[in-house]
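Colleague: In case it's useful when we look at the structure, here is the feature table from TrEMBL:
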REGION    1-38  region 'Disordered'
COMPBIAS  9-25  compositional bias 'Basic and acidic residues'
DOMAIN    45-112  domain 'Histone-binding protein RBBP4-like N-terminal'
REGION    110-138  region 'Disordered'
COMPBIAS  121-135  compositional bias 'Acidic residues'
REPEAT    256-291  repeat 'WD'
REPEAT    303-337  repeat 'WD'
REPEAT    348-382  repeat 'WD'
Amino acid sequence: MAARKGRRRMCETREPMEAESRHTSSEGPAQVYLPGRGPPLREGEELVMDEEAYVLYHRAQTGAPCLSFDIVRDHLGDSRTELPLTLYLCAGTQAESAQSNRLMILRMHNLHGTKPPPSDSSDEEEEEDEEDEEEQKPQLELAMVPHYGGINRVRVSWLGEEPVAGVWSEKGQVEVFALRRLLQVVEDPQALAAFLRDEQAQTKPIFSFAGHMGEGFALDWSPRVPGRLLTGDCQKNIHLWTPRDGGSWHVDQRPFMGHTRSVEDLQWSPTEDTVFASCSADASIRIWDIRAVPSKACMLTTATAHDGDVNVISWSRREPFLLSGGDDGALKIWDLRQFKSGSPVATFKQHVAPVTSVEWHPQDSGVFAASGADNQITQWDLAVEQDPEAGDTEADPGLADLPQQLLFVHQGETELKELHWHPQCPGLLVSTALSGFTIFRTISV
């Protein structure tokens, strides 16, 4: 992996309430604010976004917050960067009452880039700007179906031409929903209105499994074998789903045994049909092969991967690397060729609270993103080395001890839960939090 030189950007600056975009108090110029580093915000200061650090930035809300979502691959093309963008999400709510929850498809479109900084202009130009602003307003359509119980996790896959969502319910069952109808009606306001009036209440899952005997969060579709699914629960069990003809599944009642506490996340290997990884609240990461009987399928174990719960893992599609995030706030890179050693090849400690989501960039092998309960989203590039001519740390000595590979820190969300890179829009990140969805692309990736 070739080294790259890069300049770091942190998107929030500390600023007095009356200032427009920079910290201009009597104590000095704008300062980068990072949780756990430097003094806390003082009375009269607020965090203000540096809009020049973003190529695109939008926010959306769906009523009840969504703990989990997935990006639905579409037919609009790959590697698309031309604005405005359109994207599709599948998400599940965590409403206050079980009856109020929904599984939904979100169609977000007319997503334009961030505006250039304001300039002195004539009245005529201001009118034109206002017209442009109206035309460039982002649009959101929602097609939803009722779901009894909060949705812990959602993952989307395509079975041939049929899009489906695997859904982990807080009520203890895992369900599979067909998404084709939702994706159709979200394109047409009249069809959507008719669907919500006539069909919504009758929409049911095409398959359901209640054999976990309790709720869970871990769920992953195989990227290599359509319809093959893994689900893991808080009772430490992992079950394998094998697709059958006719749109149903055989769920092996014999769980994969090995973890001693809740299974938190699962990831299929992107290169081997039968291999997957798991992580757990027992602090371990395990590698399994489903060709063995479930009781003997665990092939490799790192017993103390983190100091506490291992919350999330991501298996790189381009390198033999596994990325993990834990309650200890650490991000660790594991080289699977050296996994037996029990030592990561890299550890990064930027987050000051549990890591809630991690994901490798789908195209750039050294880039990944993470979110934490400290309300930070961080972007990293393993190939970056410090540019001695950049001068960033001279401008703000408080950044001198940051990891060189840290590209960007995004803040401003509340209770961040999950993030995903868009597989067809390079550099585009989507996150969900108590404060809603955020869709953004930074100048760093």
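The count begins at 1 with the first shown residue.
Glycine is treated like the rest: Cβ placed from N, Cα and C.
TrEMBL annotations: computationally assigned, not manually curated.
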Colleague: Count the residues of the domain 'Histone-binding protein RBBP4-like N-terminal' (45-112) that DSSP assigns to helix (H, G, I), to strand (E, B) and to coil, and report the three numbers in that order.
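Modeller: Within the domain 'Histone-binding protein RBBP4-like N-terminal' (45-112) the tally stands at 6 helix, 37 strand, 25 coil.
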Colleague: Over the repeat 'WD' (348-382), work out the mean pLDDT and round it to an integer.
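Modeller: Its mean pLDDT is 97.
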Colleague: With DSSP as the reference, give the number of residues of the repeat 'WD' (348-382) in helix, strand and coil.
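Modeller: The breakdown for the repeat 'WD' (348-382) reads 0 helix, 18 strand, 17 coil.
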Colleague: When the repeat 'WD' (303-337) is classified with DSSP, how many of its residues are helical, how many are strand and how many are coil?
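Modeller: Residue counts in helix, strand and coil order: 2 helix, 17 strand, 16 coil.
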